[in-house]
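S.K.: What follows is a single structure, and I will ask about it in a moment.
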Amino acid sequence: MLLYRLDIADFRVWVSIGVSEQERHYPQPVLVSLSLFFKEEPKACSTDKVSDSVCYAELVSLIEEVATNNPCALIERLAKVLLEKIEKALAGQVSRIDLRVSKERPPIPDLLSPVSFSISREVP
């Protein structure tokens, strides 16, 4: 059995995010990673046409638009909002979406790595 997956890893978006108003005052970097799963071989595998593919340039543009226009206190909320918009945009094209949102520089002393929240959804 063949499985098909498109991955976009660590797309940086500057967003208004944070628990306090002070934290949300200046845009902060978050990293968005995404895996799209396909039930069948994507048509673009045979045709080599962008029009038959999931255009990842359009997808990252959507991620940036949604993330920058939806200020959130928590990465959990941002992940849910992004997942819903991506699922709607790709209706009928994918069977599963895995999404991870990472706050690149959380304001916690001595925390040296990003904090992440992941969410996955099977798409009917």
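From the backbone N, Cα and C atoms, a Cβ is placed for every residue, glycine too.
What Swiss-Prot shows for this protein is this:
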{"type": "ACT_SITE", "residues": "K103", "note": "active site, proton donor/acceptor"}
{"type": "BINDING", "residues": "E23, Y56, I75, E76", "note": "substrate binding site"}
S.K.: If one measures from the C-alpha of E23 (substrate binding site) to the C-alpha of K103 (active site, proton donor/acceptor), what distance in angstrom results, rounded to a whole number?
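M.R.: About 12 Å separates the two Cα atoms.
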S.K.: Over all shown protein chains, what is the count of other CB atoms within 10 A of the CB belonging to E23 (substrate binding site)?
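M.R.: For E23 (substrate binding site), the count of other Cβ atoms within 10 Å is 14.
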S.K.: State, in Å as a whole number, the widest CA to CA span among the substrate-binding residues E23, Y56, I75, E76 given in the record.
M.R.: 30
S.K.: Rounded to a whole angstrom, what is the C-alpha distance between Y56 (substrate binding site) and K103 (active site, proton donor/acceptor)?
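M.R.: So the Cα of K103 (active site, proton donor/acceptor) lies 22 Å away from that of Y56 (substrate binding site).
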S.K.: Which number gives the other C-beta atoms within 10 angstroms of the C-beta of E76 (substrate binding site), all protein chains shown included?
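M.R.: There are 13 of them.
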S.K.: Let's check the environment of Y56 (substrate binding site): how many other CB atoms sit within 10 Å of its CB?
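M.R.: Its Cβ has 15 other Cβ atoms within 10 Å.
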S.K.: Could you state the whole-number distance in Å separating the C-alpha atoms of E76 (substrate binding site) and K103 (active site, proton donor/acceptor)?
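M.R.: K103 (active site, proton donor/acceptor) has its Cα 10 Å from the Cα of E76 (substrate binding site).
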S.K.: Including all protein chains displayed, how many Cβ atoms other than that of K103 (active site, proton donor/acceptor) lie within 10 Å of its Cβ?
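M.R.: K103 (active site, proton donor/acceptor) is surrounded by 22 other Cβ atoms within 10 Å.
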S.K.: Under 8 Å Cβ-Cβ from I75 (substrate binding site), six or more apart in the same chain: what's there?
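M.R.: Sequence-distant Cβ neighbours: I17, V30, V101, S102, K103, V115, S116, F117.
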